[in-house]
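Engineer: Quick one: the structure is below, and I'll ask about it shortly.
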Amino acid sequence: WGAGYADIIKENKLFEQYYQELKIIPEGEWEQFMEALREPLPATIRITGYKSHAKEILHCLKEKYFKELQDLEVDGQKIEAPQPLSWYPDELAWHTNLSRKILRKSPLLEKFHQFLVSETESGNISRQEAVSMIPPLLLKIAPHHKILDMCAAPGSKTAQLIEMLHSDMDIPFPEGLVIANDVDNKRCYLLVHQAKRLNSPCIMVVNHDASNIPRLQIDCDGKKDILFYDRILCDVPCSGDGTMRKNIDVWKKWTTSNSLHLHGLQMRIAVRGVEQLAVGGRMVYSTCSLNPIEDEAVIASLLEKSEGALELVDVANEVPGLKWMPGVTSWKLMTKTGEWYANWSEVPQNRHTQIRPTMFPPTDPEKLKEMKLERCMRILPHHQNTGGFFVAVLVKKASMPWNRRHPKVQNKGAEPAAEAEKTPAEIADEAGEAAVEDKPKDLEVSMESTVQQDGVCGPPPSKKMKLFGFKEDPFVFLSEDDPVFTPIQKFYNLTPNFPKMNVLTRTHEGKKRNLYMVSKELRNVLLNNSERLKVINTGVKVWSRNNDGEQFGCAFRLAQEGIYTLYPYINARIITVSVEDIKVLLTQENPFLSKLEAQSHAQAKQLGMGSIVLRYEPDPKNQEAPQCPIELCGWRGKTSIRAFVPKNERFHYLRMLGVEVFREKRQDDSSEAMAEGEKEGGDRGSMSMETEVDGEQNVEPPKADTE
């Protein structure tokens, strides 16, 4: 929260000279613009998670933490309470000028800080820059959409996409999917961490160069077809001069050659995106740069190459409350040594490798007018105290011209238009995905498919593409008659429509340790693209092997991360619990069954030992209690019962129930509390609960089995 690098001088004469000449800042606002760039960026948080849970966290934030901050003073400085971003729906995004330093100075602020850290770790709050929340909003996502996030790491936008896909919490498997890609293998794992917090069976993380991401096949009614995406997020690598408030290094390093070097890559990624977009689909192109060479130049070039297949969407009314400037229609180029070029004809021969024709505005005024470049959005830092940002929304009205070629072997008498309309796999395979004039053929990935037997999806062979990083375990789908299902089906009384085909494991040999689930659509992608896709992670864990359970009828216990996916199919092993029951279960190590309220106690006594679901159903008449359903995994012992919930999630649920969870920093390590904390796997410090549960003030919630 807040700034660092105080010693870097926030000045760059070339930057000022360049942008003043381009006139991208409205007249009379230059000083405000520069002042805003020199100020640290306000911290922004977004409440993540699915609808009803997000509402509960918002309620907790507003009614408790923000109220406590209202009249607070630290070192004589009045604390400004966080404010909602006016343009983000349902008050789910907030910004504040609180710095890390201030957060640690007051006990009340320390509680707020811990709340933020803990809720971030359990995936309920996301630190995300305000402007980066805009592209997913403009994609207008529905639960049935197939979505590609081309340059996804670190993953805050991906998280938004997943949430939008699951906007209806009653559907455990939306028909849509999110494929999140990044070229950097290490950053892919960051992406996995962000995405996994949302526990969705509809997300897959892959590791490819976005400018050459393979075209995927799917099985469609027994025939091979190409996967075209309904929505594509194309948030390309950029020079990042819109991030100067956060990345102070940019002041020192900024030069015009950064944009000149990146333009070609941005073009290739955007071209690859529109090739894979379905007709009627939407692609959002965005950068955190203010430079037209990375922004409007790429869009204008795409529109020109598309020959009418693409159109810029007018999104003026799609984010009410957001202030933005229209895209520019004229710009010039400047080299780092200060020479200016207004069009391609002025560029000397020896500069032709660094400067390309696509970097200039279209010369034909009619063509320029038709493009409607003013529909692009430019977000300037001084208008709403944000970073700088560029975003454009494209809709695809027809196939790209270079994808309309007919296959070499054509049915006699077939109409060319009909061929173009078809777009099945065989047409693309034979026509190749050949491309834009400047797209070398050797960049294309071979499309031959050799789908493996037994539903196994292994890593792609190195002869087809260079693979870096770790070799991932295979994804092995279980067959419907796999013997592992018999005891599971019986023990949990699974509904007949439970999709066994969607269950996978990560090993060929030996006992299956964990079982994961993916949606039907992701299964289709995995099985049909084993040769061309480098999958880093997919699937949500639903069961974990627990050999102790075998004696009670099932060797697999439920996993908390998959419980919301699995719950609709479970008909047995369910105990309905109250708010008071959850408090007991989350603050006591192994409470006796008798600690539960009468109704829950009676249900628990009816069940044998083993894995259970603890289900809380909201009561609309009691508005004080949480208004969203809660499902927790647990274990019914001989005389006791326990919840199997990771520590940060415990704190999250306790806060939702009005229990204050606070870690006190202590020096005295001989204290009984600290010893208790260490015994339970806590760090140096203890937890105090301001709400007493059953007359017992417990030191720290029990350590969860997070295996």
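Any Cβ shown, glycine's included, is placed from N, Cα and C.
TrEMBL does not curate its annotations; it predicts them automatically.
Reproduced below are the annotations present in TrEMBL:
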- Cys288: active site, nucleophile (ACT_SITE)
- Cys151, Ala152, Ala153, Pro154, Gly155, Ser156, Lys157, Asp182, Asp209, Asp235: S-adenosyl-L-methionine binding site (BINDING)
- 33-397: domain 'SAM-dependent MTase RsmB/NOP-type' (DOMAIN)
- 665-707: region 'Disordered' (REGION)
Engineer: Which entry in the list of recorded positions, Cys151, Ala153, Gly155, Asp209, Cys288, has its Cβ near the fewest other Cβ atoms, using 10 Å as the limit?
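Structural biologist: Least crowded of the recorded positions Cys151, Ala153, Gly155, Asp209, Cys288, by Cβ count within 10 Å, is Asp209.
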Engineer: Whole-number Å distance between the CA of Gly155 (S-adenosyl-L-methionine binding site) and the CA of Cys288 (active site, nucleophile)?
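Structural biologist: So the alpha carbons of Gly155 (S-adenosyl-L-methionine binding site) and Cys288 (active site, nucleophile) sit roughly 15 Å from each other.
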Engineer: Sorry to bug you, but what's the C-alpha spacing from Cys288 (active site, nucleophile) to Lys157 (S-adenosyl-L-methionine binding site), rounded to the closest Å?
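Structural biologist: Here the two Cα atoms lie 13 Å apart.
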Engineer: Which number gives the other C-beta atoms within 10 angstroms of the C-beta of Lys157 (S-adenosyl-L-methionine binding site), all protein chains shown included?
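Structural biologist: Taking all protein chains shown, Lys157 (S-adenosyl-L-methionine binding site) has 24 Cβ neighbours within 10 Å.
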Engineer: Rounded to a whole angstrom, what is the C-alpha distance between Ala153 (S-adenosyl-L-methionine binding site) and Cys288 (active site, nucleophile)?
Structural biologist: 14
Engineer: Round to a whole number and give the Cα-to-Cα distance in Å for the pair Cys288 (active site, nucleophile) and Asp209 (S-adenosyl-L-methionine binding site).
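Structural biologist: That separation, Cα to Cα, works out to 20 Å.
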